[in-house]
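**Q** Below, the features straight out of TrEMBL:
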TRANSMEM  45-73  transmembrane segment
TRANSMEM  109-127  transmembrane segment
TRANSMEM  134-152  transmembrane segment
TRANSMEM  172-190  transmembrane segment
TRANSMEM  197-219  transmembrane segment
TRANSMEM  249-269  transmembrane segment
DOMAIN    348-426  domain 'PhoU'
DOMAIN    456-532  domain 'PhoU'
Amino acid sequence: MIEFIFGLIGGTALLMYGVDMMGDGLERASGKLMKKILSVLTGNIWSAFFVGIATTVLVQSSTAITVLTVGFVNSGLMNLSQAIGIIYGANIGTTVTAQLMAFSFKFKLTEIALPVLGLGFAISYFAKKDVIKNIGSAIMGFGIMFLGLKILNSGVPFIQESESIRLFFQDYASITIIGIILGAVATALVHSSSATVGLVLMLGQAGVITLPGAIAIMLGDNIGTCITAQLASATGNINARRTAWAHTLYNIIGVAICAILIGPFINLIEFFTQIMYGSSEIGLQIANSHTVFNVVSALVFLPFHKVYVTFLEKIIVDKNEDTFEHLDKNLLTSPVAAFQATLQETLRALDIVKHMIDKSLTALYENSMKCLDEINKDEDILNKIQIDITSFVVDISKQGLTNQYSAMIPAFINSINNIERVGDRTIEYLKNISTKVDKQLPFSELSQKEIDVYKNILTTMISITIDSIENRDYSKVDEMKRLEDQADSFYNALLDNHIKRLENDICNVESGAIFVDLIGHMERMADHLYKVYMTLVDENLLSHL
């Protein structure tokens, strides 16, 4: 009995660890494929659906993809409709694990667990390229998963001989509603549908559970897997919570329909397995029930997708509909997603700086105190963004990154620091502008025109940087260098012009001091913006995002 319990615990632990390791290795080996989850940001429901399937097959965890999707929605990187499409696909993609486990029992693949584990270790240990190392890790994950299944399978004789275990599953699990509750509770506790499926396959192999009982537990497994997304969305915005509830209600509705039609569904699974494999092997039937259920659920919901989205928007409401947590911690599970969110937040910081420059000069020309208040609020937001990005990037660095992603850590920290310095310089010259507003000091028309030229240099540099990042355009290096050089030379020219105006009594002395301070800050702001461009508009960085 003790040996069986230890084997059950250890085998389940190895199974869960193996699936996670396999998914992590595959994800890191195919980082660019994970980018596809971001490509649906402007896509339709069908592209989101297929991306959900592909990425979940890659990661081998619908829970991970669903939590990641909640993070995207909470960050404002994805809308509710796209997120739900990914969830439809993720539920199908995760059934690949069940198929692998069923085949491992059917064709005795568990017997090659140790050789596969050894092969994966050798590849991971001796390979020099990160991609090959990650493939080795994924193969090790396969081996560990098979080893966990082998240990679980070793408990079959004990289960077959145990009258109490056999009677429990015959008396209770075969009752559909009880089986559903068992599956939901078990999956919610271990946060892994793969573990529940593995245990059900073991029970099926032992002959202590019938197909109706196994299907009931599998249906509950689909409900239990929703708990993680609910927890992830608890502190999120309204659309993050809608996404989690979309996942939960989708599975509950599908399970309810299937439970009502359990008889025809069992007949369908038996027929499908016989046609596909020419077999009535219960392990294959269990795996197929998992796949068929999720495929049919998706096909039922897809035609009514817009109605479902509207329904969720009606029943889950909040006053603060448009608030976003741009750097959601749920994104940390995927470096690509986390850095993509960081990049978007960096672009937001650039937009804020551009707004601060525009508003500061409006305050200068129009003597507007209202503009000054707006700029100070923008500076507070910018300071928070700097702190948030730095903290978030440090959290990303703790995830175990490949070399290509590790290089992004200093790039983003340096960039946001330079952007924040542009904001700081705006605040510094704002003090003098405030003095001008208070004293209603005059500014010559020629001085204003010269400052406008400087402002255009700065805002053009910001626009080029944003456009280059969004369009992955690396051709503006020379133009940025020309603008930065122009800012340097323009400073000296404006200083000479200013001295001449003072000599000719065209310019007020106190206004002149403000002018000199302003162009000095603007010249240094151009230096910071050039550094931001040269750091971020780098093909080696952007090609991985």
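A Cβ is built for glycine as well, from the same backbone N, Cα and C atoms used for every other residue.
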**Q** When only pairs 6 or more apart in sequence are counted, do the transmembrane segment (134-152) and the transmembrane segment (45-73) reach 3 or more Cβ pairs under 8 Å?
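**A** No, these stretches are not in contact.
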**Q** Can you name the far-off residues of the same chain, 6+ from the ends of the transmembrane segment (249-269), with a Cβ under 8 Å from a Cβ of it?
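**A** For the transmembrane segment (249-269), the list is 84, 87-88, 91, 176-177, 180, 211-212, 215-216, 219-220, 222-223, 225-226, 285, 288-289, 292-294, 296-297, 300-301, 308, 312.
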**Q** Taking a Cβ cut-off under 8 Å, which residues six or more beyond the ends of the transmembrane segment (197-219) line up next to it in the same chain?
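**A** Non-local partners: 11-12, 15, 97-98, 101-102, 105, 148-149, 152-153, 155-156, 159-160, 165-166, 169-170, 173-180, 182-183, 186, 255, 258-259, 262, 265-266, 269-270, 282-283, 285-287, 289-290, 293.
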**Q** Restricting to the same chain and to residues at least six past its boundaries, which positions have a Cβ under 8 Å from a Cβ of the transmembrane segment (172-190)?
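**A** Apart from its flanks, the transmembrane segment (172-190) reaches 12, 16, 196, 199-200, 209-210, 212-225, 227, 255, 259, 262.
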